[in-house]
Amino acid sequence: MRRRDNLTAYLFLSPWLLGLFLITIGPMIASLYLAFTDYNLIQAPEWVGLENFTRMLSDERLHNSLRVTFTYVFVSVPLQLAIALLLAVVLDRGVRGMAFYRSVFYLPSLLGSSVAIAILWRQVFGTEGLLNQVLALVGVEGKGWISDPSTALGTLVVLNVWTFGSPMVIFLAGLRQIPTMYYEAAAVDGASALRRFFGITLPLLTPIIFFNLVLQIIHAFQSFTQAFVVSGGSGGPSDSTMFFTLYLYDRGFGNFDMGYASAMAWFLLVVIAIFTGVNFLVSKYWVFYEN
Amino acid sequence: MRIDLRPRTVLIHLALIATALVMLYPLIWMVVSSLRPGNEIFREPGLLVKDLRIENYKAGWNALTEPFTRYLLNSAVVVLGSILGNLVSCSMAAYAFARLEFAGKKMWFAIMLLSIMLPIHVVIVPQYILFSHAGWINTFLPLIVPKLLATDAFFVFLMVQFIRGIPRELDEAATIDGCGRAGIFLRVILPLMVPALATTTIFTFIWTWNDFFGQLIYLTDPHMYTVPVALRSFVDATSSSSWGSMFAMSVVSLVPVFLAFLLGQRFLVKGIATTGIK
Amino acid sequence: MTRLKALAAAAIISTLLAVSACGGDSGGPAAKDGEVTLRFSWWGSDARTKLTQSAIEAFQKEHPNIKIKGEYGEWAGYWDKLATTVAANDAPDVIQMDEKYLREYADRGALLDLKKAGDLKTDKFEQDTLGAGEFDGGLYGLNAGINSFAVLANPAVFKAAGVALPNDTTWTWDDYNRIAAELTAKLSGKGWGTGVIGANEAGLNLWARQNGESLWTPDGKVGVSAGQVTKFYEYVLKLRDSKAIPAAETVAQDMTASLDQTSLATGKVAMSFGWSNQLNAFSKASGQELKLLRIPSTTGQATKNGSYYKGSMFWSISARSKQQQAAAQFVDFLANNPASGNILLAERGVPANTEIRAAVTPKLQPADAASAKFIQDIGKELGEPSPAPPVGGGQVEKIIQRYTTEVLFGRLAPDKAAQQFLDEVNGELK
């Protein structure tokens, strides 16, 4: 099995390679070039060397956006994955009406980044929103969750958790992939449900957990649409939801500073790459593959 | 049908139903709003409605320069093309990465992951220029061709992880039966990764259906507009917006994705676990 | 592999070259048999789209050899798309432009000087209304509708509070604060007196103009002093402390809400600041006939409240358009032809062409008629036109919203906020 199959492999890879060279790489390299220029989208770019990168060092709004983004990544990713995994496992136990619950839990994710989200979120977390009405019932005075700088980011975390449907579906598919023979063998040995979960389900699901972790981290670092839609593109109040990509977009398209935006994008790429790389290194110790 | 009333089961269901209600509130609000006269939507919050009206649906359907059917059809074309592309090209690439040994494998895999780490906003301008050279602006090609060429690394990686979960013994057995690489891919791997393919189909459907930025940039002629682009045409942040129509058409546009999910999820459960391979 | 590499190299090189040389396909498709196709883009909701489409049809009837392809969309996406297409040298021929981005595009040579576009007449425009799109000796945006910053008042809320509508020709900022605070007190928890000033830069600009300064200077610099911005923010704090305005959270929420979700639209505040052409939209949203009031002044004289005619939007033509003549004919039709005037009415603001304005005023809906009358009424009181924001100045709205929020939440003192605001705005200018 370990013989090399270069030719076969490249044949299988050929659509992807074509896409890489014809579509993906060109714009990527162009943006790398633009990162070293002053480019306002209308006039030709001018080479400025490292200026964009040195400017990033003293840009306080950029530093703030990094803080916001890191907080978001570290809070929302584990939370969303934990809930998705929990519900996937519960739903996979053959609960009656599983198809119904699965669909219901997935419904919010169908909305994606629709314009309606901005309105819906205000309906829940605004000063007159559902949450405050519920709090008023129990005698607690609410606040403007979306417009208070100290809670606005929290509502976006909730929004992200609310759309846990995608990782949940991936977990469910992963659970279905686990061969029944393992469970049957375990049943013969008389293992308890808990032991079956930790002994079989969890280890065999690790490739999928790993996948969700890697992709959700990449995704969270690039988080843009939800903050854009909910804050009306401002990253407000007071920059409290100014994600890195939102600021990058604001520089590129709002302030016509595409050179700087490109530099920011490549900085982000390096950050994400480091996280992903570490993830892959650490995965050797906890992700279990067949063979 | 015997109803299971053990406290544990009841508790689980109560918890699930409570979660479902919390999760659905915004969606229910949206459906209710779509049945209200547009100017009442924000003045009378809450879910109670005196009379349900379907005017918003009629108005919204014909409010733009084309009937809404046109946008639904355009979206359907983009979605179907993307699904086909992702299923074929991503599974091929995934098989190579998961099962074959070849020079530069790790490097290519790293490049693949790197390619999804740049925010779209800085590549969109060069990409637009590229496609405009190809004469593809205002066609569906910039939205579909990249999918045919597996540029969506998310799905490649997803399938890699699933293929790695398939026991290699099966490949070996197939080899002994005289299958080549292509044979193993088609007859062993693909049937066994149906859940992953279903996931890919569902996600591609939903994400493409909702994708706004690419469709906004590449489709200039209103004849070519897709659902998300059309939906935003009801709204003007600084002036009058047709919220009623927007909510109504949002509900309409949720129907195909929800149906796709309902259909697709049947295949989610058809893994090794149910096909009975031991 | 070598062929693949060659292909890839070609793709990369062409992208790079295109970016650096602004290459790419041209604007309009080539003419055949004297037939010309123009691309025309605007932002707005479906109501505007319908009317604009009818105007296009009316034009095509008069000019059978010119075909207009309309492209429309919502505000934020509109600008992303415009920037991308301009970068790729693929911009629409006729562009609906906003003051915020006018110089951004014009100063970099993306817009045509309309004075040089032959078929476009501007003789029926008042100089004040032309001035808004004119700088460096050229006319880069033709006023598509006149607007003025104003106070929008909800008489129903005034009535509920038992407070009389003020005399807006004599009121001062102190009167304004007093009246708004009284409204809040008498509404006893059911509403507030006013929305905040400082939710956009227009309020600060008028404040500055009342005090002999101006947000922007004609040569594209910041024209307001730190002292004046400090006073402005001290006034904002006065409004907060007298409870004339709602809690900071509600105010901040209104800044990014869509028009229909703001406190004024939902009848929670008696007054707010806005643009005169929003009267119709706010009236529809609130279900009340709102009224336009003049902006208060420092001295109590409406003639000194710094008001000016702002272009609610502009018509611009791409400098790279290959059909400049036809584009100019079309813009001329939109601005000067009674046929289009009768279709578009006040959809983009009160028509700037005085003849069209006179002709359509009787046909307007009540709210639009009221805003047309308001525009006419304040005509005698106006000061100098206000210079368009310089390159980079389009960002100022988001910046002032942020600092107003900081001040209202008590996170920055007025003088600190003023200084940081100015530093940041200066940093954005190029």
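In case you wondered, yes, glycine gets a Cβ from its N, Cα and C as well.
Summarising the annotation, TrEMBL assigns transmembrane segment to A:12-36 (among others).
Here TrEMBL flags A:66-279 as domain 'ABC transmembrane type-1'.
If you look up TrEMBL, you'll see A:70-91 (among others) marked as transmembrane segment. Away from its own ends, the transmembrane segment (A:70-91) comes close to residues 98, 101-102, 105, 153, 156-157, 160-161, 164-168, 171-172, 175, 197, 201, 209, 212-213, 216-217, 220-221, 223, 243 of its chain (Cβ-Cβ under 8 Å, at least six residues beyond either end).
The list of residues near the transmembrane segment (A:103-121) in space but at least 6 beyond its ends in sequence, with Cβ under 8 angstroms from a Cβ of it, reads 87, 91, 146, 155, 159, 162-166, 168-169, 225-226, 229-230, 232. Look at TrEMBL and you will find A:103-121 (among others) tagged as transmembrane segment.
Per TrEMBL, transmembrane segment is recorded for A:152-175 (among others). Within the same chain, residues 68, 71-72, 75-76, 79-81, 83-85, 87-89, 91-92, 102, 105-111, 117, 121, 125, 145-146, 201, 205, 207-209, 211-212, 216, 220, 223, 226-227, 230-231, 236-237, 240-241 sit at least 6 positions outside the transmembrane segment (A:152-175) and bring their C-beta atoms closer than 8 Å to a C-beta of that stretch.
If you look up TrEMBL, you'll see A:196-221 (among others) marked as transmembrane segment. Counting only same-chain residues 6+ beyond the ends of the transmembrane segment (A:196-221), those with a CB under 8 A from a CB of the stretch are 69, 72-73, 76-77, 80-81, 84-85, 89, 160, 167, 170-171, 173-175, 177-178, 182-183, 186-187, 244-245, 268, 271-272, 275-276, 279-280, 283, 286-289.
For A:261-282 (among others), the entry in TrEMBL reads transmembrane segment.
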